[in-house]
Ligand code: PRP
Ligand code: URA
């Protein structure tokens, strides 16, 4: 079974509480999601492999560590996942970015895939699939199905708020992947929204509704 971690660094908790507030506007919401994503990016990249490299300091030559060849791709699930991309790119600027378009039917809560555009070598990359919300888990499961169908093997899923129902469904469907969230909330309501959650992440990021 892959890891399941709640990344509850005080700065992450504080910033997440700020954007749960229904009164904060789009600009603040977007900027804060970006900041939280950078903080989470730092944590989720903790086990990136290192290798030895020789470096000549002004004093002497020495052998120190650098990131090994494992290449990274960030895969936002559209739309809301887009809000998490730039924050992680701040730390891993050479990462490629692939996109998976997915929307939830508001009646059935079933996800529908509408767009997939990925780097050609995703089978050789460490993938960070990002989406602020893991609710029923349907969107994440279908997005990861789409990645695996195209050869991806090394996948971490990163979200801001998860419902227990979504974590369970994702672990059952894809037991090999690691799941990171900034918060594990209480439950889903009858409309499939996370309680207490932060509402509709896509609408809050982009100012739609
Ligand atoms: C939201 C969210 C996830 C999905 C989570 O997207 O960003 O992708 O719902 O729900 P699930 O775990 O039950 O599948 P939404 O369908 O609202 O699309 P949007 O990002 O384009 O607004
Ligand atoms: N999608 C969202 O954006 N928010 C939720 O609470 C559930 C699904």
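Numbering starts at 1 and runs along the chain as it is shown here.
The backbone N, Cα and C atoms fix where each Cβ goes, glycine too.
What TrEMBL records for 6-208 is domain 'Phosphoribosyltransferase'. Annotation source TrEMBL lists 5-phospho-alpha-D-ribose 1-diphosphate binding site at 79, 104, 131, 132, 133, 134, 135, 136, 137, 138, 139, 200. The uracil binding site feature in TrEMBL is assigned to 194, 199, 200, 201.
This view paints the features noted in TrEMBL onto the structure.
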residue	record	contacts (Cβ under 8 Å, 6+ apart)
79	5-phospho-alpha-D-ribose 1-diphosphate binding site	101, 202, 205, 206
131	5-phospho-alpha-D-ribose 1-diphosphate binding site	76, 77, 80, 81, 84, 139, 140, 143, 157, 159
133	5-phospho-alpha-D-ribose 1-diphosphate binding site	80, 159, 160, 161, 162, 194, 197, 198, 201
135	5-phospho-alpha-D-ribose 1-diphosphate binding site	104, 109, 163, 165, 166, 188, 192, 193, 194
137	5-phospho-alpha-D-ribose 1-diphosphate binding site	165, 166, 167, 168, 169, 170, 173
199	uracil binding site	22, 193
200	uracil binding site	193, 209
Let me know how many other Cβ atoms fall within 10 Å of the Cβ of residue 201 (uracil binding site). 25
If you run the three-state DSSP split on residue 133 (5-phospho-alpha-D-ribose 1-diphosphate binding site), which class comes out? strand
Hits among 79, 135, 137, 139, 200, 201, i.e. binding-site residues with CB under 6 Å from ligand 2, come out as 135, 200, 201
How does the model score the domain 'Phosphoribosyltransferase' (6-208) in terms of mean pLDDT? 97
Determine which residues of the same chain, besides 194, 199, 200, 201, have their CB within 8 A of the center of the CB atoms at the recorded uracil site, and list them by sequence. 132, 133, 161, 193, 197, 198, 202, 203, 204
Within 10 angstroms of the C-beta of residue 194 (uracil binding site), what count of other C-beta atoms is obtained when all protein chains are considered? 27
Measure from the Cβ of residue 139 (5-phospho-alpha-D-ribose 1-diphosphate binding site) and count the other Cβ atoms within 10 Å, all protein chains considered. 27
Looking at the binding-site residues 79, 137, 194, 199, which have a C-beta within less than 6 Å of some atom in ligand 1? 79, 137
